[in-house]
Amino acid sequence: MRINPTTSSPVVSTLEEKNLGRIAQIIGPVLDVVFPPGKMPNIYNALVVKGRDTVGQQINVTCEVQQLLGNNRVRAVAMSATDGLMRGMEVIDTGAPLSVPVGGATLGRIFNVLGEPVDNLGPVDTRTTSPIHRSAPAFIQLDTKLSIFETGIKVVDLLAPYRRGGKIGLFGGAGVGKTVLIMELINNIAKAHGGVSVFGGVGERTREGNDLYMEMKESGVINEKNIAESKVALVYGQMNEPPGARMRVGLTALTMAEYFRDVNEQDVLLFIDNIFRFVQAGSEVSALLGRMPSAVGYQPTLSTEMGSLQERITSTKEGSITSIQAVYVPADDLTDPAPATTFAHLDATTVLSRVLAAKGIYPAVDPLDSTSTMLQPRIVGEEHYETAQRVKQTSQRYKELQDIIAILGLDELSEEDRLTVARARKIERFLSQPFFVAEVFTGSPGKYVGLAETIRGFQLILSGELDGLPEQAFYLVGNIDEATAKAMNLEVESKLNK
């Protein structure tokens, strides 16, 4: 791993200081810069524009070289607003790509695309930095073993297990619990795997970024009293930022995650919210650079850009980066080039259902819509596979019977179907689980359920051994022993009430 001992905003050596250019043209966030003959910067080099605008305000804009136009001109995309820039202003070639701080100093802090802290908590230790443009790990470095990434969340581990070093798509509308699920995963990886997380907010609402930060502080994922004990680093490039920043903020977050994997040899969770905005920003930049648009107006380099990000997210022999990416589907059209290109890279999908959230079943993961390439007998074992398939079959049969129940009632069903419905309702409730990060809101302690316990619990429900227990005993409990204990308590309470 290459580590450049530079600071977060590119520092210029005296030798490179002579490599100065001048702004020739400004088109919104795109700058054309003229350099002396033979002094052309490389593609992806960071350029810095420093000076004062017409009212004397200090300007410090970092850009990234995207095209070499000929005639000693380069075209660069700005990473921040270009307000106040003028033709003829001096531009410094830093001689290297953007570099951002990496390592333990990033935990508990919020950064922008340039790796500058934006949380007003003072400077960050920038002795260890890394360039945001790196090649994906070589084939020989990859860890090709297929292994399950245990999350401690029953519905995920049983029905749509995550792959260590894999990529998971998180689908769900507003208010169905995406943020809480993300925070629980951050908490569980820190406790069970001793790992850390990096959250990349790509082109989403600033309010949502602020809410997430506040909720993380409240739930202890970010430790305010001792920042070093925090479990997550946050990198934001929100909706109000120029397209250059939104296009590169995912790479900044990924670079921080790669350091934890390659140098600290840890398991890392990388969250990207939202991967669609990364594509959208790339589309804007592509149009600004004058490229001919491709299908549905997207950039012609769509799959290349997506591949260069996704291929760096993988397991190596040192550690793993497991990525969970929120996917916005424009107009609910899964054939749109942006989500369609994303699907090609995903190992699992976790679909959150508004119907389940309305019933109060959290996490509101849809057991029938969520999928995983890992759910195969040769990977998870026959016992796990059989249990998962039977849970899905029972849930599917209940779904088919719901219309009949709504019209005719339960009494009109056959004995076998009534038994199926009773078990399916127990399964539905047993798929709910109290979260550690929700303790502050619910008052009930969180539960981490191991995979073996999860399988045992569902086998007992499917076998009919627990048919005599009331279904409310299975709601918001950890393992199956807690459900039987809760059933006994309910029985005692009902006797006392009589």
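Cβ coordinates are placed from backbone N, Cα and C, and glycine is handled just like the others.
According to Swiss-Prot, the protein carries these features:
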BINDING   Gly172, Gly173, Ala174, Gly175, Val176, Gly177, Lys178, Thr179  ATP binding site
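All features noted in Swiss-Prot, drawn onto the structure.
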{"residue": "Gly172", "record": "ATP binding site", "Cβ within 10 Å": "21"}
{"residue": "Gly173", "record": "ATP binding site", "Cβ within 10 Å": "11"}
{"residue": "Ala174", "record": "ATP binding site", "Cβ within 10 Å": "7"}
{"residue": "Gly175", "record": "ATP binding site", "Cβ within 10 Å": "11"}
{"residue": "Val176", "record": "ATP binding site", "Cβ within 10 Å": "23"}
{"residue": "Gly177", "record": "ATP binding site", "Cβ within 10 Å": "22"}
{"residue": "Lys178", "record": "ATP binding site", "Cβ within 10 Å": "22"}
{"residue": "Thr179", "record": "ATP binding site", "Cβ within 10 Å": "18"}
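In the three-state DSSP assignment, the secondary structure recorded for Gly172 (ATP binding site) is coil.
Sequence-ordered, the extra residues of this chain that approach the ATP site, with Cβ no more than 8 Å from the Cβ center of Gly172, Gly173, Ala174, Gly175, Val176, Gly177, Lys178, Thr179, are Leu352, Ala357, Ala364.
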